[in-house]
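Report on the following structure.
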Amino acid sequence: MRVAFFDRDGTIIEDYPDHEWTGINHPEFIDDSINTLKEVIEKGYKIIIITNQYIINEGYITIGQYHDINNQFKSELTRQGIELLDVFYCPHGKDEGCTCIKPNIGMIKQAIHKYPEINLEESFMIGDSAVDVELAINMGIKSFGIGVGSNYKKENIYQLNTIKDLIPYI
Ligand SMILES: [Mg+2]
Ligand SMILES: [Zn+2]
């Protein structure tokens, strides 16, 4: 099984400074993200979301608020005909030393444990932060950084300006 591991905030929906998340009640989809997800699925990938949510344990949002926004996120995708395979999130604060906060590989390990048929060589990670690209490097998989900058000039790491630039690569 080929999997496209997607970051959520700043990649599919808008991201905000941590303190602004406190007042956010609805996800705001970024231009072209829905069409891109559709095309990724048409190319034979399953979609798994891998999202750092340290704003939970750091007190900016409640766990209930996280689930509320994520449920709205998934409902809108379903309405658009997009089924996610799964969503993995790390609720831990940056100082907790957990193994799941990106760029640690814990969430991808959880995904492989739950879906042993994942073929990592045919999979990739895409996100808008350095931690997304670093996670892919730590995991040894292909990655696409959106507006991350060119600090990562390595084989298997691609720089994109917007999410829809992904399509020619896959
Ligand atoms: Mg992000
Ligand atoms: Zn964690």
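Every residue number used here counts from 1 along the chain in the order it is shown.
Glycine too: its Cβ is placed from the backbone N, Cα and C atoms.
TrEMBL: automatically predicted annotations, no manual curation.
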Asp7, Asp9 show up in TrEMBL as binding Mg(2+); which entry in Asp95, Asp128 does that record put in the same site? Asp128
Three-state secondary structure of Cys100 (Zn(2+) binding site) from DSSP? coil
Quick test of your reading of the structure: among the binding-site residues Cys90, His92, Cys98, Cys100, whose CB sits under 6 A from ligand 1? none
Nearest to Cys100 (Zn(2+) binding site) by Cα distance: which of the binding-site residues Asp7, Asp9, Asp128 is it? Asp7
